Number of protein chains: 4
Amino acid sequence: MSYNTFGQLFRVTTWGESHGPAIGCVVDGCPPGIELTEADIQPFLDRRRPGQSRFTTQRQEPDQVKILSGVYEGRTTGTPISLLIENTDQRSKDYANIAAQYRPGHADVAYDMKYGHRDPRGGGRSSARETAMRVAAGAVARKILGPGVVIRGAMVAMGAHAVDRERWDWAAVEQNPFFCPDPRAATEWEGILDGIRKAGSSIGAVLEVVAQGVPPGLGAPIYGKLDADIAAALMSINAVKGVEIGDGFAAATLRGEENADEMRMEGDKITFLANHAGGILGGIATGQDIVARFAVKPTSSILTPMRSVTAAGENAEVFTKGRHDPCVGIRAVPVGEAMVACVLADHLLRHRGQTGERRGLGQ
Amino acid sequence: MSYNTFGQLFRVTTWGESHGPAIGCVVDGCPPGIELTEADIQPFLDRRRPGQSRFTTQRQEPDQVKILSGVYEGRTTGTPISLLIENTDQRSKDYANIAAQYRPGHADVAYDMKYGHRDPRGGGRSSARETAMRVAAGAVARKILGPGVVIRGAMVAMGAHAVDRERWDWAAVEQNPFFCPDPRAATEWEGILDGIRKAGSSIGAVLEVVAQGVPPGLGAPIYGKLDADIAAALMSINAVKGVEIGDGFAAATLRGEENADEMRMEGDKITFLANHAGGILGGIATGQDIVARFAVKPTSSILTPMRSVTAAGENAEVFTKGRHDPCVGIRAVPVGEAMVACVLADHLLRHRGQTGERRGLGQ
Amino acid sequence: MSYNTFGQLFRVTTWGESHGPAIGCVVDGCPPGIELTEADIQPFLDRRRPGQSRFTTQRQEPDQVKILSGVYEGRTTGTPISLLIENTDQRSKDYANIAAQYRPGHADVAYDMKYGHRDPRGGGRSSARETAMRVAAGAVARKILGPGVVIRGAMVAMGAHAVDRERWDWAAVEQNPFFCPDPRAATEWEGILDGIRKAGSSIGAVLEVVAQGVPPGLGAPIYGKLDADIAAALMSINAVKGVEIGDGFAAATLRGEENADEMRMEGDKITFLANHAGGILGGIATGQDIVARFAVKPTSSILTPMRSVTAAGENAEVFTKGRHDPCVGIRAVPVGEAMVACVLADHLLRHRGQTGERRGLGQ
Amino acid sequence: MSYNTFGQLFRVTTWGESHGPAIGCVVDGCPPGIELTEADIQPFLDRRRPGQSRFTTQRQEPDQVKILSGVYEGRTTGTPISLLIENTDQRSKDYANIAAQYRPGHADVAYDMKYGHRDPRGGGRSSARETAMRVAAGAVARKILGPGVVIRGAMVAMGAHAVDRERWDWAAVEQNPFFCPDPRAATEWEGILDGIRKAGSSIGAVLEVVAQGVPPGLGAPIYGKLDADIAAALMSINAVKGVEIGDGFAAATLRGEENADEMRMEGDKITFLANHAGGILGGIATGQDIVARFAVKPTSSILTPMRSVTAAGENAEVFTKGRHDPCVGIRAVPVGEAMVACVLADHLLRHRGQTGERRGLGQ
């Protein structure tokens, strides 16, 4: 990972500011001959798109993606795929004060510390709008992985309110505005988040991404570990403060016997009797489900005035009007899925390069 | 990060197996003119060295580091620094059965899935012995950062037993076999871990690394975020299953007002009134303490027989005699510190490259 | 260098096909606070633009560059700079037959060997149209280097007809259609190339790029040598078959005494009495002029029918109508300058990162 | 390429100074399961070893390579391969004056300009001794490529004295001290070089490397072109001033018709009727022989006193006693072969990663 590029063989470079003319990315290293049209990408962008319920920002962006290169007659050519989304709803006036004063929890102050100069409109480069391009790149990654690899995300806690895993239903995820796998929790969250939204406040969330059908062998010791790359990928998403794999922090409380994923032969195939490890051992996929969770802090833009300072060095009270998500974690679900997809596609190509292995190629 | 190298301008490449003739690393990109001798590195290796208490493996390794290149007349020359530690206590017979059967929770099975061939002696490349070289590289990183940047680690929970943060005492960390900052907890842990050790079991842990004096501006959006690189660095350590920055997963339970790190001017300097963010906003250091925690699973090598399979595809019962740490988290403390040091040194050089900023250079 | 990205700290990723909707690039790693507008880039594109004399292709492309990100209020922000040029004159019908049969000397056959699928329109990705984005990126690189570093290119031989170095005049370079520094040679070349053009043939060329004012110390042993990076950068330009630094191949014919660049003190400054080395020793700039030359083969697209084969595996006779440069080397002059500028900007940032050196920064 | 590492999937990191305790390299990314012992590497080192004729330096180094990691039971494991050669004949006294004064043509002055500090013993890091590790890595690369890819080098000109290509005999290359493919030229060169050696002078050379059996498709547009990577690899060798592919600089003098490599079908296989391109089109291998040449300047260390300056800033006369090669190009032949082997192995893995292609894998 280097500034605005991630991945090694499947490489994604994103660019663009929240209120510039457009945002985009270049997807490099995609194998040739894969069927790809804008229609393969758009549904994932639509899942992340703002303004779809009262629980996400009311900014209206159609987020129509255009493929500008790398595809000929509906198939990838192996050359870089340039994707572009025009910004249409840029109410920069909403953000006029961002230039002058630092919003607590936002990157404004850090950008000025680093660069001494920033584009303040809508948060500029630090806006979560950038994640739209991750979702677009993730759609390409899914095509490389093929239908045998299924990557799905869900919100498993809003604030302190966790789902009941006994009621987990993947179908439910697409049927409520929270990507919540527990329909009863979804109903409760609606009431809670309405209260938070009306209070001008915000709340954090925990999200989970599960990848099924990942070919064993993906990942590489020691500094190309699959879990290390997933950790970096998820931690790079706006507002994320923690990442865990499998049992994660709970594993720290276990005894060796409790944490062991025992094995048995089923015919000529190794079967694991548990999945505390989250599908990864020594940085390498075992073929079990890969399970990753990440914590998203509450949206920093809130109506409550907070103590802060101005760029000119004066004390100030700051509150953010504008249009914001009361729980920014919701829209991070498709982003988390996309990041996992990109990491897996990259490791598929790398694994294939080093070992010649062809399993799992989605062509 | 790429296979066995991490970092971009400060680059560390490690090599070696647990029971090969030696382990080593190449540290590339170190600035010239920095005073460096083996005596700068050895104390950090000694902190990590096995066999220092009854709570760590009884393998006896002096872990004497040798500098083979890159230093002339006591100062770095800017050319690659080759570090080497000879393996002396290689009781391979202890591990004869690792070749034949897979230990649950270990990487044996994953290596065979990926490579079809592995060095089984002592876990080969997947052994935590590799982390000695991380500690050595971290000592070089500290020299680059200079005395103004202080990086310290501690064990904050053993199993479900957490320290009391009210009793936090950095001096205590060096005075008990757990790197525990709470003397009372350390005493309790002694009893608990004795029981676990005698039972042939093991236990997980949570560790915390704090970096003070980090120059504001280190880190870079979007895929070179300081927290993303720390997450990858810590997750790449053996047995780590989770990473968090600042409030981490607890941030997910907060409201926006609770999570805000408010700011005030103190003279001409911005002061933060809290540090929920753990010193990083938008992937960029703000000058506050950087706080990272990571979860280590219980040692997988235990005396209790567990169900497993052999490399030949038969069911088997596996237990590990050998010499092992009942709480592998203990010795991960100096490793975690070293990884944070390496990430910071890398970002210091990168920041200096892009912005010309000279603050924080330890020369 | 990796597929479609070059550079390490100053990173350029290009995308786009000859006859797609647009071509573009992402310039990542540019320092913040540098004044940059489209007017800084456009003049360099205009120098490379086709259709400016009867000696270059008559394809009409205004090559108007747009900055889509990374610049705010006329200054760079340190975030990625997205540059885009729309393709307007795409007469794909001229190229209908490229899909079916391989043009000798072109990359068509190699792309099919590698990818099994390609965009044949105008040569697709292998078209020299991609070099427009190198020129655009080079303009950004020049801004980083600042006015103290002067990078100029010239055509020093057309076919076997070399310039007379006694008559070298940089001002002349902009006054003839060949970037020729020798006015008399330029006049001769006009007649020669008219004949070649009318015969439907083409001719090769040798180009030279000179960089003055390069700060001593840029470059890095062993695999980050400045000359190695320049060699890769120039060799990556379409149709280039050779690269040399300083005396280049002629150095192979010299004795040690003849090749030595002797030194004397002038005041407290080291002065070199010759420049056989072309400004680089051990991969590191010495402060002398950096001199690089590269050889461009004759345009492969010619009217003379040549023996070839079809994609379907039949023998065929191939000749290229379309619009082509009879000496493709001419337009490679601004491209060569741009590549050298990009390499130097990258090394400036890298050098600054490793050594803290601030000389030569164009801010 | 980054400082002391080259390659992307097949990555070689070298370290060590001419007169330090040892030199070494880490070869990362080697596929698992390849048979490898020290006996596979040693013969290539022996070809490069000094002191084998009166035409190479009389420094006596057995150059015995040791494998320290990455190989188990005679086969690679996919983990990093650490190779080490001890320095035994370190007559540092010969070089005492290098610290004080700059030798014209050497990197001493450039290292001081960059780093302000260097290891002067035997040239330190800038000594060609580093190339021993390239040769060792190249031997590993050859194992990856397998016996179907044959990479051979030869010296094709010593000074202005070129071989007669009509007399080219690969068998002769191993039968004279010059790696000369033309037995008659070899005899002549002996007399010429004796004179140069006795005069305390030196002479340049041109070398050629030919790779046969390279699988079509290796290489990648635009900045991962096979010829660009070969150019960087060869230019990074000590004393190299020029690189060309196929006809190289001679191509600049040709007409389009003359330079075309026409094609015909032979059965279902495309056959080229010429190889002006040197086996690479658009940066991608076509299956023809890959032909690369590089120019090596005369050894800078000569007995004739030259004008120079001291590190303290005084004028001085410098001449080099010590033990030196009168034609440093001779020993660059195995180095050039090795670099081409490394580039090809890297591209084989990268190609396999992106396209899934398995041709050419030497397993």
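The backbone N, Cα and C atoms fix where each Cβ goes, and this holds for glycine too.
For reference, TrEMBL has these:
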BINDING   D:R48, D:R54  NADP(+) binding site
BINDING   D:R125, D:S126, D:S127, D:N238, D:A239, D:G282, D:K297, D:P298, D:T299, D:S300, D:S301, D:R323  FMN binding site
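Listed binding-site residues (D:R125, D:S127, D:K297, D:T299) with a CB under 8 Å from any chain B CB: D:R125.
In this structure, D:A239 (FMN binding site) belongs to neither helix nor strand by DSSP; it is coil. Note: the CA-CA distance between D:R48 (NADP(+) binding site) and D:S301 (FMN binding site) rounds to 19 Å. The binding-site residues in question are D:R48, D:R54, D:S127, and the one with the fewest Cβ neighbours inside 10 Å is D:R54.
Of all Cβ atoms in the protein chains displayed, 31 besides its own lie within 10 Å of the Cβ of D:K297 (FMN binding site). Here the binding-site residues are D:R125, D:A239, D:T299; the one with the fewest Cβ atoms within 10 Å of its Cβ is D:A239. For the recorded site, D:S301 (FMN binding site), the DSSP three-state label reads coil.
The 10 Å shell around the Cβ of D:S301 (FMN binding site) contains 25 further Cβ atoms across the protein chains shown. Rounded to the nearest whole angstrom, the C-alpha distance between D:T299 (FMN binding site) and D:R54 (NADP(+) binding site) is 15. Annotation note: D:R125 (FMN binding site) sits in a helical segment as assigned by DSSP. Proximity to chain C, defined as a C-beta distance under 8 Å, is registered for the following binding-site residues out of D:R48, D:R54, D:R125, D:K297, D:T299: D:R125, D:K297, D:T299. The Cα atom of D:R54 (NADP(+) binding site) lies nearest to that of D:S301, taking the binding-site residues D:R125, D:S127, D:K297, D:S301 as the candidates. DSSP assigns D:R48 (NADP(+) binding site) to a helix in the three-state reduction.
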